[in-house]
Amino acid sequence: MPLPRIAVLVSGRGSNLQALLDAIADGRLPAQVAGVFSDRPDAPALQRVPAELRWSADARAFPDRAAFDAELAGAVAACRPDWIFCAGYMRILGPDFVQRFAGRLLNVHPSLLPLYKGLRAHARALAAGDAEHGASVHFVNTELDGGAVVAQARIPILPGDTPETLAERLLPQEHRLVVAVMQLAGAGRLAERDGKARVDGQCLFRPLQLGSDGVLSAASRD
């Protein structure tokens, strides 16, 4: 049986991409990265994979977002992905791209969605006086960070935390979360239907939660 093919969209360092590559290399994630795509030709993440798996174009060189998205969509489709994962991809995807890959397009966001969509999530969690923070993996739809949430990882907010320390402590949990969700997806257990995330055919009424053992489980109902 062929391994599931993952296309990864990146804009920066690519630490979540590296988490996927490491999980594939050590056998935790039976899948293959079919291509890595960036809106920034100088993104360090591109250097994490061989040249033949890289695609990039400077989005600023295109007349509008739709033109860039069309070029990106063609390149992504050419690698025949089963899943497309936005791992630190900082451009908003337009509706044509989202609709073309609907149901297999995932994103990781550094907040406990639906809280703090968009930018500065760490600072906003601190400003709100929250007791905990986290990361979410969700399906992508045409609303910014608004698709069905699959799973979340949580950490406590500690006295003296800054946006920087919070981001640093969250990142390892984010890596584990990304791998855990892609394990579900790669095994054929994850789907989206009617705007809802489903695992093993069952609708998720609450996001799965990442345990300290790296395993996803249903949220408690307290």
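Backbone N, Cα and C define each Cβ position, glycine as well.
So that you can see what the record holds, here are the features copied from TrEMBL:
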| type | residues | note |
| --- | --- | --- |
| ACT_SITE | His109 | active site, proton donor |
| BINDING | Gly14, Ser15, Asn16 | N(1)-(5-phospho-beta-D-ribosyl)glycinamide binding site |
| BINDING | Arg65, Met90, Arg91, Ile92, Leu93, Asn107 | (6R)-10-formyltetrahydrofolate binding site |
| DOMAIN | 5-181 | domain 'Formyl transferase N-terminal' |
| SITE | Asp145 | site 'Raises pKa of active site His' |
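Taking the features listed in TrEMBL, we show where each one sits on the structure.
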| residue | record | CB count, 10 Å |
| --- | --- | --- |
| Gly14 | N(1)-(5-phospho-beta-D-ribosyl)glycinamide binding site | 23 |
| Ser15 | N(1)-(5-phospho-beta-D-ribosyl)glycinamide binding site | 18 |
| Asn16 | N(1)-(5-phospho-beta-D-ribosyl)glycinamide binding site | 26 |
| Arg65 | (6R)-10-formyltetrahydrofolate binding site | 15 |
| Met90 | (6R)-10-formyltetrahydrofolate binding site | 15 |
| Arg91 | (6R)-10-formyltetrahydrofolate binding site | 17 |
| Ile92 | (6R)-10-formyltetrahydrofolate binding site | 14 |
| Leu93 | (6R)-10-formyltetrahydrofolate binding site | 24 |
| Asn107 | (6R)-10-formyltetrahydrofolate binding site | 22 |
| His109 | active site, proton donor | 23 |
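Between the two most distant C-alpha atoms of the annotated (6R)-10-formyltetrahydrofolate binders (Arg65, Met90, Arg91, Ile92, Leu93, Asn107) there are 19 Å.
The separation of Asn16 (N(1)-(5-phospho-beta-D-ribosyl)glycinamide binding site) from Met90 ((6R)-10-formyltetrahydrofolate binding site), Cα to Cα, is 13 Å. Rounded to the nearest whole angstrom, the C-alpha distance between Arg65 ((6R)-10-formyltetrahydrofolate binding site) and Asp145 (site 'Raises pKa of active site His') is 18. Under the three-state DSSP scheme, Met90 ((6R)-10-formyltetrahydrofolate binding site) falls in the coil class. Around Asp145 (site 'Raises pKa of active site His'), the same-chain residues at least 6 positions away in sequence with a Cβ under 8 Å from its Cβ are Asn107, His109, Ser111, Leu113, Pro114, Lys117, Gly118, His138. According to DSSP, Asp145 (site 'Raises pKa of active site His') sits in a coil region rather than a helix or strand. Taking only the Cα positions, the spacing between Leu93 ((6R)-10-formyltetrahydrofolate binding site) and Gly14 (N(1)-(5-phospho-beta-D-ribosyl)glycinamide binding site) is 18 angstrom. Excluding Gly14, Ser15, Asn16 themselves, the residues of that chain whose CB lies within 8 A of the CB mean position for the N(1)-(5-phospho-beta-D-ribosyl)glycinamide site are, in sequence, Val10, Gly12, Arg13, Leu17, Gln18, Ala19, Ala45, Arg48, Ala87, Gly88, His175.
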